[in-house]
């Protein structure tokens, strides 16, 4: 009550922010007459003037009024478009490390030119981030004339571009590209073998378009660069034959062992669990197929990989549906983005799931991959010094933006009042009744010339509605992953009188739906149009535009509620742009996924009490409230998952930053000999300590073991036993110094043969290659640890704390292994001539190039551990202190490599 009263008196935080910014807008407006008087050359010269002022120490924020006034005036001259006051407000919000919520059609692309210009003045680069390549290219080309008029350079960063072109794009003042490409370039730069191979500059300012889609919807899916792992495609095929024999059971009853089902599905968490009966049948079938020996258990340690195959195959059959989660095109399984409905060419599910789906669909199974580098969008975008974003729907996720990214959300008012009518939801008992009602509504709307946009949540649903419309004889366009190339053209004409467009989720975001259709698209279709033709097209469009407005504007039909209210609002937001008329309505059924999983019992009870008949719809505040509560429940659960993922990924992120920082230092120096000398001392001290414990009696020394270790691991054939026989007075410390001196002497002799410069080059290459190899193995082990860490909860331990503790131990052990392997490799390498060192270096380069060609870029679902299979194959089991050391010395681990821990 008190908060409401205070808000009424002083205004909300949003109101206070806008009030403060409106004062600056008044200053910008007052500068307009002065700017209009400037010649083109004088206006262009302002950029150089601003840069000089910044160099002299002026603060960027002080330039806002004048810089924004310059951009507005330049836009009037170049585009004939003047920034509205609300766009100036949006520009200021974006400069203040905030999220600007601006409704569809309010000109977000033009708004972005203001903060992009201002922050580009620093010379550190601005990254404008879009959701797909088409929008990146379109926005860059559209805004290029404005920025170039003002003396700034513009770059486009697209997938598949050669490194020199990418480097040029990043060197530009303002770079346009997709979130995926920026992230992958960051990972690739941190796998480079020379500073010249890197393409990015320091990450300065990121301006993210459709920020909710990138920072929230895609936050759970890390970017992964992977290389090929061991081939196990045959096993996927063999296990796939077994799965159709299993029957789904709604609930597992392991105690009474009743029911015919073999597995249960938890749709909320998207997990599949074998029942007791299912486990027995699976084991019988595996024995029958000759995959497993009789009497063996599927859960025995020896069958851990087999269990992985069974789980992947079960998930592929029970949870993943063709034309919903993926499509099959040209003999390839292509993932469909659940948020946008677009296909994600080249991306693959992790943990063997993609191979299992390929086996299910009978297409060629591609090899599993091993993670080489990985980062989540949450952690990538937090690397920027300054981050801001814009979207039409951010307010519902304001808490998440604030708690995870430290970004406040500011709702920017519309230029004209919003008059769209959002009609109450209609709920039917069955999907068939719902679809029929949608068809009737479309018939009524199109009969009076009103355009209709139908939003569906999957390709399967869009094709179902399309088939029904075809049966009813209604002409329509389908916009889903299968018709990707025509996306922008179809969306542009969706406002044509009586046009019916079916869009999967929010395919086509970023392209405005103009009432009456797009006259620009009609002009673009003509070859060398005359002024008369253009005028006629414009006049025809005006007639159509007025007719659509009279019919009620664009009508939006939602065929289902999405898990998130924000996605529903995005669909509604396609109508009612810039004060246009419009309407929207959602049609639901008790068979919809959201209703079935989260709201079914309560709402079904209400509907029965209200005595519903077939074909009847319910329209009641109770039902709407129950649906909103179901959505809040899902949103809250998804937020918790993302927050938990971030807490776990932060552990890996600290390690990633340490490794990448060390790697970049290595790349930037030409001489690492001091580092090599320092770690050689550490390695030899630790190695000698394992056989000659400090301050110990001579009887405790293991001289034969030490000699063997030095010979095997460092190619040092030293007669230590002879030294001790000839010099009984040889002290432990003197012996250590002599061994180290001998190793340095042998190494220096190699250096004399090949030359100091060549040796420095080789040392650097060995350090980089060893670091990359161990980091790759560490990532696999971390994924494997993450997969099973939740089980620690059963031992009354906090899984997060256990994960932090164990991953730190693994990281420390990896750094020790790095030292040991670098010195071992450098000691063992045999070189006689400079040409041989050059040849070794050439081999290393060729191997790096081969791996680069085999790398796959994937944006993978983090619900499964990305490299569990690999870790099971390559991750070493934990060695007990009293176990024999894995190095083969024959000593106990605690007296050998255990001392390095």
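Backbone N, Cα and C define each Cβ position, glycine as well.
The candidate list 512, 540, 546, 568 contains one residue that Swiss-Prot assigns to the ATP site with 87, 105, 106, 107, 108, 109, namely 512. Range with Swiss-Prot annotation region 'Disordered', chosen from 816-858, 859-901, is 859-901. The binding-site residues under consideration are 87, 109. Their Cβ neighbour counts within 10 Å are lowest for 109. Listed in sequence order, the residues of the same chain lying 6 or more apart from residue 512 (ATP binding site) and placing their CB within less than 8 Å of its CB are 104, 105, 492, 577. The record gives 87, 105, 106, 107, 108, 109, 512 for ATP. Within 8 Å of the mean position of their Cβ atoms, the other Cβ atoms in that chain belong to 102, 104, 110, 111.
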